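Notes to accompany the following structure.
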Amino acid sequence: MTALTLSTAAAPGLRADAIVIGVAKGAGPRSGDLVVAPGAEAVDKAYDGKLAGVLETLGASGAEGELTKLPAPAGFKAPLVVAVGLGAEPGAKDADAGYDAEALRKAAGVAARALAGSKKAAFALPVDGAGAIGAIAEGVLLGAYSFDVYKENGQAKNGARSKNGKAPLAEAALLGGKPRDAAHKGAVARAVAVTEELNRARDLINTPPNDLTPAIFAGIAQAAAKEHGIKVQVLDDKALAKGGYGGILGVGGGSAATPRLVKLSYTHPKAEKHLAYVGKGITYDSGGISLKPAGHNETMKCDMSGAAAVFAAVVAAARLGLEVNVTGWLALAENMPSGSAVRPGDVLRMYSGKTVEVLNTDAEGRLVLADALWAASLENPDAIVDVATLTGAMMLALGSRTFGVMANDDAFRSAVHEAAEEVGEPAWPMPLPEHLRKGMESQVADIANMGERMGGGLVAGLFLREFVGEDITWAHLDIAGPAFNEGGPFGYTPKGGTGSAVRTLVRLAELTAAGDLG
Ligand code: BES
Ligand code: MN
Ligand code: ZN
């Protein structure tokens, strides 16, 4: 990963490949003009105060995501200036307002990605405190991410330059950062811990399904748990059969790669609260006997994104030493058609004892989650949050960048939504309309795994609710849209696995540790 340093150096004397500055769309009296953001004063001065005009000539507007390169002014050690758009200048209404953390995160990410192949860049973005330092650090570390281990001469973990891809930016100096300031150092340390785990979640999501079976995923979780002092327990197919986990076994039954349930327990001696995170970990979703048509299964290696997010969040909580107990449940299975696969029409006896008529084997996520939610419930945590690439319907409703938040408690749903927005993860509250429960009534079992087509994301949420212990606060994040980016990279989000929900889960753990939640 890119090495980060806090630097008080002045831009002109810095030995670097590039200096990154921020530009914005002017507000108030400067409305309509491009403005150079604070932090870039030295660069502007070397252009005789005419940098904004130079950039406008080059076509810059200050829009979010925009990147303009220009030669550095005479006398600068670095040869290149990279101007990134921050969107609207703050302060039209409130003169004291600084740049929004998410604008900084995105701009830093755009610059870090564009500087792939470079050794060192100095980031001279507007810094008004530790919050801005943390946001820029996150943006750099997330934006510099690349996945090319499967390319010829793919870059090794040591960051060597590869034939096909450029190595990620090796070093970033954050100007305006104070190397001896505890808050600044803490912000960088937090950003490093969270983004390292988030980027590992991206790696897992991007890893092709022939190389990431449930057993392999469980092994990776075991190794990480050992490294970070997290207790880990893995149930293999034999243990799942003995325990009566009919949902996970049913879904995993069609694959030669047998299912696993992984339990990760991070505990803190001073913790007063206990959170349970449950992740959908379908390492490949072919649809099973209700096979998905071509065009719908090419990206289904991403169907373990929920489990990857839970895994990353538990490890990040441990690395940050948060004063809260966090249990992560990874429900891992591969959904494949075969002679041993679950059939449409089969009835499964779930871990909770309820029976489910499987009407569509492609609605498999709710089956593995049902067992894991019940297992989580038996420990009676203060709250459960599950994360899943659960329904195409949620993508139709909210598009590909926003996840849906459902819950059995309005206040908790709002808290989760707020935490998501706070860390820069677009989310939106969705209802659980009672009338949709009727569509899942079964002739033979307690419930069917399918209901009305309309509102399919909410139907799935209602199904999950049946497997949450009575009186346990629960929220469900349907990340089917944002988990995997099929379009081009944007902000600090790469193509492919995004690590959606990791930062929301970490924030929820922090808020719970601080006593600010529940
Ligand atoms: N993994 C899919 C949902 C999905 C679709 C995730 C697209 C990411 C992108 C899930 O298992 C699924 O197949 N859901 C079905 C449910 C239906 C059969 C009730 C769906 O959404 O079509
Ligand atoms: Mn499916
Ligand atoms: Zn699925």
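Cβ atoms are placed via backbone N, Cα and C, with glycine included.
What you are looking at is a predicted structure, and each value in this text was computed from that prediction instead of being measured.
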Same Mn(2+) 1 site per TrEMBL - residue from Asp285, Asp386, Asp409, Asp410 joining Asp362, Glu364: Asp285
Per TrEMBL, member of Asp237, Asp303, Asp346 binding Mn(2+) 2 alongside Lys280, Asp285, Glu364: Asp303
Long-range neighbours of the domain 'Cytosol aminopeptidase' (360-367), counting only residues six or more past its ends (CB under 8 A): 247-248, 250-251, 280, 282, 285, 287-292, 303, 333, 335, 337, 341-344, 348, 350, 388-390, 449-450, 460, 463-464
Those recorded positions in Lys280, Asp285, Lys292, Asp362 whose CB falls under 6 A of ligand 3, listed in sequence order: Asp285
Which listed residue (Lys280, Lys292, Arg366) has most other Cβ within 10 Å, given these are recorded positions: Lys280
Within 10 angstroms of Asp362 (Mn(2+) 1 binding site), Cα basis - binding-site residues out of Lys280, Asp285, Asp303: Asp285
Long-range Cβ environment of Asp303 (Mn(2+) 2 binding site), under 8 Å and at least 6 residues apart: Lys280, Ile282, Thr283, Tyr284, Asp285, Asn335, Gly365, Thr389
Cβ neighbours within the same chain of Glu364 (Mn(2+) 2 binding site) - under 8 Å, at least six residues apart: Val251, Ile282, Asp285, Gly288, Ala333, Asn335
